[in-house]
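Copied from TrEMBL, the annotated features are:
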- B:His76, B:Glu97, B:His114: Fe cation binding site (BINDING)
- B:Cys82, B:Cys85, B:Cys122, B:Cys125: Zn(2+) binding site (BINDING)
Protein chains: 2
Amino acid sequence: MQRTTRQRTAVAELLEHSAEFRSAQEVHRMLADRGESVGLATVYRTLQALAEVGEVDALRGPDGEVRYRRCDEQAHHHHLVCRRCGTAVELDAAAVEAWSGTIAAAHGFTAVEHTIELFGLCATCSAADARA
Amino acid sequence: MQRTTRQRTAVAELLEHSAEFRSAQEVHRMLADRGESVGLATVYRTLQALAEVGEVDALRGPDGEVRYRRCDEQAHHHHLVCRRCGTAVELDAAAVEAWSGTIAAAHGFTAVEHTIELFGLCATCSAADARA
DNA sequence: GACTCAATGAGAACGATTGTCAAAACGGCT
DNA sequence: AGCCGTTTTGACAATCGTTCTCATTGAGTC
């Protein structure tokens, strides 16, 4: 049976209040700073579990680190992520979904999955850059 | 100055004859098996260099490993990759490109880049699976 | 052939992630 | 509240891909 523990609550809680994608390491550090220290291994396990259930979305950033975020949209969707601050916008990509399906079929591929993520600088970070 | 060495030639040569995406580790092993042993560090350096110049395309598989492949198309494009054997089809995604640009602008993002890759089982591997 | 500087390679170092396993905590039960 | 069987946890070791270091080697030049 799935038990409710302090650490699981803490991790879920933190993501609940984050609009940004966070890596396991970040979550670990943030919780530590906040005094709710949780073992690193536990953070990884919890995050993966949440992702498996669909509670959170996971994606691998350009640097190879996996990041997690609690999304409003439960259904399948993609993101436009700020590469500086991690803020993300959820995208409805019906058009792209259709395209991917068609393309795959045309080449005889089956069991197709796709990775479609956009990375850039959000309005805020762009402005900060320009000022610098 | 950029020098022409046995190892650089060997790596380039191997990719030249591969229709599949190969990881640095794979390239290293394949060269060793073939008797043209090349240091692992050198393989990494060479692959990165080739990718930087645009000689080869690089992409990160679902497992996080970076894979390289020599592509016919020099211009920007995406792939439909077999997750079993690594075979890849080059895709022209003009429609998707346009979509990504529009979406990004609509949200005030700048300097946008995107990751768009499709993974599945190629016709051959699908068939092999069905038979098993 | 001699010389210079880029390139190589063995191995250490790294950073993210996963595995291990004894100790601690949960939840149901009395 | 106290017990108990199970699930979780966490400190630490282990993996794995990748990068760094630095003494040695080799490419291109004169």
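Placement of Cβ uses the backbone N, Cα and C atoms for every residue, glycine included.
Feature annotations (TrEMBL) mapped to structure.
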residue  : record                 : DSSP (3 states)
B:His76  : Fe cation binding site : coil
B:Cys82  : Zn(2+) binding site    : strand
B:Glu97  : Fe cation binding site : helix
B:His114 : Fe cation binding site : strand
B:Cys122 : Zn(2+) binding site    : coil
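For chain A, the nearby binding-site residues by a Cβ gap under 8 A number none, drawn from B:His76, B:Cys85, B:Glu97. Other residues of the chain with a Cβ within 8 Å of the Cβ centroid of B:His76, B:Glu97, B:His114, the Fe cation site, are B:His77, B:His78, B:Ala93, B:Val96, B:Ser100, B:Glu113, B:Ile116. Each residue contributes its Cα atom, and for B:His76 (Fe cation binding site) and B:Cys82 (Zn(2+) binding site) these two points are 20 Å apart.
In this structure, B:His76 is the one among the binding-site residues B:His76, B:His114 with the smallest number of other Cβ atoms inside 10 Å of its Cβ.
B:Cys82 (Zn(2+) binding site): 21 other CB atoms within 10 A of its CB, across all protein chains.
In this structure, of the binding-site residues B:Cys122, B:Cys125, the smallest number of CB atoms within 10 A of the CB marks B:Cys125.
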